[in-house]
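According to TrEMBL:
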type	residues	note
DOMAIN	13-107	domain 'Pyrroline-5-carboxylate reductase catalytic N-terminal'
BINDING	Ile16, Gly17, Ala18, Gly19, Lys20, Met21	NADP(+) binding site
BINDING	Asn65	NADPH binding site
DOMAIN	169-271	domain 'Pyrroline-5-carboxylate reductase dimerisation'
Amino acid sequence: MDAFPIPAESFILGFIGAGKMAESIAKGVAKSGVLPPDRICTAVHSNLKRRDAFESIGVKVLSDNNAVVEYSDVVVFSVKPQVVKDVAMQIRPLLSRKKLLVSVAAGVKLKDLQEWTGHSRFIRVMPNTPSAVGEAATVMSLGGTATEEDGELIGKLFGSVGKIWRADEKLFDAITGLSGPAYIFLAIEALADGGVAAGLPRELALGLASQTVLGAASMVTKSGKHPGQLKDDVASPGGTTIAGIHELEKSGFRGILMNAVVAAAKRSRELS
């Protein structure tokens, strides 16, 4: 099969769907300098606020999805999972092997995407919502005829809104189970409530809890140390930290988190 490399210095990135996820990715790509905003486009049909959100970045807003496909070299499906099939069938006649397709639609498998579009140059990407603040945890899997160069290009684009890994698509349910930020939102809220219970003002407690989680995560990613070692480093004999850890262990804290990931992964398999 002939190769049609994406022109790195001139390619156009188009989004089918103009929601918050598309906006986050477009902002990250433009802000990082990976791609100038005038080489990014989408279509907004009626919501003027959505149009304003993209135009304020400098993104081109076109008349409809067909125009986005025709104008773009890389086309990102950023629509709700239940409408992906309809959108894919609509644009199918406009596709050629020169175009690279990407999907961020949750739970929609590559085999279905490829069947609906009649196109196997596809990459499935699974970012999470912290992409909105440039801290996404993203995983991608390459479809049938997507090349290594295609993977590198998409890795660079999505790397602009966080960190990205490559993985086999069969792992995506487990990835979904693990990478939900809601667990951490819940932990931050609980830590803040504990601070209030111990006598802190609410605003101070929430700020301390949020920054403590952020700082701890940064230490894990930047220090190269295992989190267990980092825990041991701050747990002094007979001190405050080990007293708190003791309470967490008595309540089965680690087991609860493990069970949450397994339950979410199971539900992801059921839904897909």
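Any Cβ shown, glycine's included, is placed from N, Cα and C.
Everything TrEMBL records as a feature, shown here on the structure.
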| residue | record | Cβ within 10 Å |
| --- | --- | --- |
| Ile16 | NADP(+) binding site | 28 |
| Gly17 | NADP(+) binding site | 24 |
| Ala18 | NADP(+) binding site | 23 |
| Gly19 | NADP(+) binding site | 16 |
| Lys20 | NADP(+) binding site | 14 |
| Met21 | NADP(+) binding site | 23 |
| Asn65 | NADPH binding site | 22 |
Query = Met21 (NADP(+) binding site) to Asn65 (NADPH binding site): how many Å between their Cα atoms?
reply = 17
Ask   = C-alpha of Gly19 (NADP(+) binding site) to C-alpha of Asn65 (NADPH binding site): distance in Å?
value = 14
Query = Across the domain 'Pyrroline-5-carboxylate reductase dimerisation' (169-271), what does the pLDDT come to on average, as a whole number?
reply = 96
Query = Neighbourhood of the NADP(+) site (Ile16, Gly17, Ala18, Gly19, Lys20, Met21): other residues with Cβ within 8 Å of the Cβ centroid, in order?
reply = Phe15, Ala22, Glu23, Thr42, Ser78, Val79
Task = Could you round the CA separation between Gly17 (NADP(+) binding site) and Asn65 (NADPH binding site) to a whole angstrom and send it over?
result = 8
Inquiry  = Distance check, please: Cα of Ile16 (NADP(+) binding site) against Cα of the residue listed as 'NADPH binding site', rounded to an integer number of angstrom.
reply    = 6
